[in-house]
Ligand SMILES: Cc1cc2nc3c(=O)[nH]c(=O)nc-3n(C[C@H](O)[C@H](O)[C@H](O)COP(=O)(O)O)c2cc1C
């Protein structure tokens with residue numbers, strides 16, 4: 001079996017009782033059962049949020065690599081590490097809560113550190129109205145989410161208010177993602193039977209999706 005790499009990015013600000021972390025831990029458990037030899041790398045941005053990018057970071061990122069000063073290289077050193085983790089991953093798992101109808105600031109800071117010119121995308125106005133092009137490819141993103149309310153999907157009672165999954169889906173192309181899977185828990189703030197059912201459903205969907213994903217990986221390497 002060809003060895004694959006899994007990167008698990010966790011974004012909840014809480015360690016105890018976090019539902020998105022519970023889903024990530026279930027994912028890892030199922031994955032290791034089926035593919036015990038794959039590499040699994042953890043990046044906990046909830047516990048250690050990356051710095052928000054600033055003017056000096058931007059200047060460094062837009063300076064050609066061969067002209068960067070030692071200080072500019074230092075400015076980009078965390079970004080280099082985070083990009084290398086993404087580049088090495090075949091499967092990226094992002095486990096995240098919904099905060100204020102979008103992603104937590106810590107996860108957005110990670111995205112801003114990772115999606116970087118001439119590293120994960122290049123830019124050429126010769127391409128007309130679509131000058132950005134991702135430079136990575138072939139990855140699968142598994143988004144594991146938790147939210148307090150519910151019904152953010154098409155036709156749901158909060159349709160149009162949930163920006164977490166659509167945002168992840170949009171930026172995922174600059175992580176080289178070609179397959180996007182979402183499993184989410186809702187109703188956390190209601191703590192009622194609907195919440196319990198949502199947890200059960202998510203865990204079931206997660207197990208099913210992991211199985212399917214592993215089958216497709218196995219199918220890819222068969223002659
Ligand atoms: C700061 C903060 C903001 C939140 N904003 C939203 C929100 O906009 N919509 C929502 O449905 N739930 C919201 N919630 C509820 C969380 O999404 C929910 O508690 C979720 O389970 C948190 O993820 P975790 O269990 O992995 O920590 C918010 C919670 C916190 C702490």
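Every residue, even glycine, has its Cβ placed from backbone N, Cα and C.
No curator has checked TrEMBL annotations; they are predicted automatically.
According to TrEMBL, the feature domain 'Flavodoxin-like fold' maps to 5-204.
DSSP assigns residue 18 (FMN binding site) to coil in the three-state reduction, placing it in neither a helix nor a strand. A simple way to gauge crowding: the CB of residue 18 (FMN binding site) has 20 other CB atoms within 10 angstroms, across all the protein chains here. What TrEMBL lists as FMN binding site is 12, 18, 19, 20.
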Inset, instruction - For the recorded FMN site formed by 12, 18, 19, 20, name the remaining residues of the chain with Cβ within 8 Å of the site's Cβ center, in chain order. - result: 10, 14, 17, 21, 22, 23, 24, 95, 96, 97, 146
Inset, instruction - Note down the number of other Cβ atoms within 10 Å of the Cβ of residue 20 (FMN binding site), including every protein chain shown. - result: 26
Inset, instruction - Ten-angstrom check, please: count other Cβ atoms within 10 Å of the Cβ of residue 19 (FMN binding site), all chains counted. - result: 24
